Amino acid sequence: MTVQIDHALEEIRRFRPSPEFAAQAVAEERLYEEAAADRLGFWADQARSLLTWEKPFTQTLDWTNPPFAKWFADGELNVAVNCLDRHVAAGLGERVAIHWEGEPGDSRSITYAELTDEVKRAANTLEGLGVKQGDRVAIYLPMIPEAVVSMLAVARIGAIHSVVFGGFSADSLASRIDDAEASVVITADGGYRKGRVFPLKPVVDEALEKAEGGTVRNVLVVKRGENEVAWNADRDLWWHESVATASAEHDAQAFDAENPLFILYTSGTTGKPKGILHTSGGYLTQAAFTHKNVFDLHAERDVYWCTADVGWITGHSYVVYGPLANGATQVLYEGTPDTPHPGRWWEIVEKYGVTILYTAPTAIRSFMKLGRQIPHAFNLRTLRLLGSVGEPINPEAWIWYRHVIGGGSIPVVDTWWQTETGAIMISALPGVTDLKPGSAQVAVPGISVDILDDDGNHVEGEGGGLLTITEPWPSMLRGIWGDPERFKETYWEKFGDKYFAGDGARRDEDGDIWLLGRVDDVMNVSGHRLSTAEIESSLVAHPWTAEAAVVGAADETTGQAVVAFVILKASQADQVTDVSAAADELRKHVATQIGAIARPRQVFIVNELPKTRSGKIMRRLLRDLAEGRQVGDTTTLADTSVMTAITAQVQ
Ligand code: PRX
């Protein structure tokens, strides 16, 4: 029913930018025209006007060896200098870069001058530990200023960071450390979440026992949680003893535009996460360009807040690199939205006078459930622009966001992009585009997308097809760490020189793009990407499990939820008398192996799984079941009675 209402309303709801907003907007219609007339010239102009180059580039794009792109390749710059030193040199040293709010209520405001000093100290410390250009540093930190400092310090010395989200397990951390062959890990004793200290250093200790490479020489530890930690004096250093006492003089060297900046692991269709590689000049150009134009940034007066954790790409591009390259003032919050009370976010908006808020639909939907009285207990009138990212935002949530949080008349931008794209690719431009709830709308200037059928033919209209990016873009991934073949195979084999995004999409009669979800076995839970294969292999690694199938089932709050169907080994089945305890044990097992975000909402113990004659599991049928629908066509099953049996067991 809701779907039908949404659909009916889709057709009528359009929101023109208000004349007042349009009059002051950063973005202008002419950006589309300029980019259409000369795409590469357009990006070269952006790179020159938004960034400071130590050595100017003469070549914009080298696409002679697709899919390996080089942008601005003969130019040189230092990413950290672009985010820090140049603002201080321009007289903005006293501007607040970060208003940090700890979950327990402690806070710190850090100016650009202070942040620059801290990054220089950390850069000196890392160099003192022998970290050089190209070396990998793993970062496993809570949302504290040191996370931003660490990333920029690594960037400053031309090394490569690999940030691992603090919610990932020791196993996940170990495999990421091994894959990247990290030589240093930066962590904290612990951080605050839901009113408690969650330990991080002990997870690092465990991960380093599990890591097979033995590549880590040092662990740099920020004191935050004050929890007890074990200490290995040959390896571990406290941040407050090393960074705090290091020199704040550090001459930054300029590096090639294509110098790798970071690796960020994300889930793919197989069990092994992919290390997505991003480089410097092109990445920073597009992060800065989109941050400025999509969020209508007026750096001198805005207070911007992106609620993403730095462990995800949104935190990389829209907490660290985009906002800091643009000299923005932003809020960084350590904890969860509902600690110590459900109005915590809105209290923060009021406290700092936040003007731009960027968050995920899943958060908006959980606030909708709690009701408008919670945000309305606070003064939200400073807000003037709202953004959404991570999954499709249903029109109802879009409207609620605009009305209840935004007061009814401010722009909401729905931004489509991916870890791989590095920066926003599809979004309205506030002040320019008429907004349409539920649609991510149009490619940003300089980006070319198309919707194709399986054979690569352009498709129009309602049916939709596969979203592709038809021209290389500055912040595109440069590869998968250590696996060029997988890079080609995953993204470029399907359509040749066009990038296959893995999302379904359709274009409506106005030319606006609607995202239809993943077309592969990747799930989207609360805006986080999870792979069905990775969770299946975790379940199968449990001694009780014979076979497992995982599906992403629609969930009102989290978008999708993980639902698993598990066959127990015959040898174990007799011992497992309590099915619900067994299911709980398996849910816990996945959380321990991968991380709490991967914990299945439900595990059903079944006797069989639906398979085709060739042995392929028909997840579509399991999804029907998990979503409480009539089970669809079963005629291609090897044994058509299986679904009846499974349905009976599940109920
Ligand atoms: O399916 C799309 C969905 O999230 C996927 C990318 O996930 P990740 O790499 O973790 O990056 C998330 C934050 C950029 C996409 O393939 N997605 C992201 N944004 C949207 C979206 N789906 C619909 N609308 C969006 N605005």
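Backbone N, Cα and C define each Cβ position, glycine as well.
TrEMBL labels come from automatic prediction, so no person has curated them.
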Select one of Arg402, Arg486, Arg529: the residue that TrEMBL places in the ATP site alongside Gly390, Glu391, Pro392, Asp414, Thr415, Trp416, Trp417, Gln418, Thr419, Asp503, Arg518. Arg529
Where does Val540 (Mg(2+) binding site) sit in the DSSP three-state scheme? helix
Measuring C-alpha to C-alpha, could you say which of the recorded positions Thr415, Arg518, Val540, Lys616 are within 10 Å of Thr314 (CoA binding site)? none
In DSSP terms, helix, strand or coil for Thr314 (CoA binding site)? helix
Under DSSP, the domain 'Acetyl-coenzyme A synthetase N-terminal' (29-83) has how many residues in helix, strand and coil? 25 helix, 7 strand, 23 coil
What binding-site residues in Thr314, Pro392, Ser526, His542 place CB under 6 Å from ligand 1? Thr314, Pro392
Within 10 Å, the Cβ with the most other Cβ atoms among the binding-site residues Thr415, Thr419, Ser526 is that of Thr415
So, in DSSP terms, is Lys616 (N6-acetyllysine) helix, strand, or coil? coil
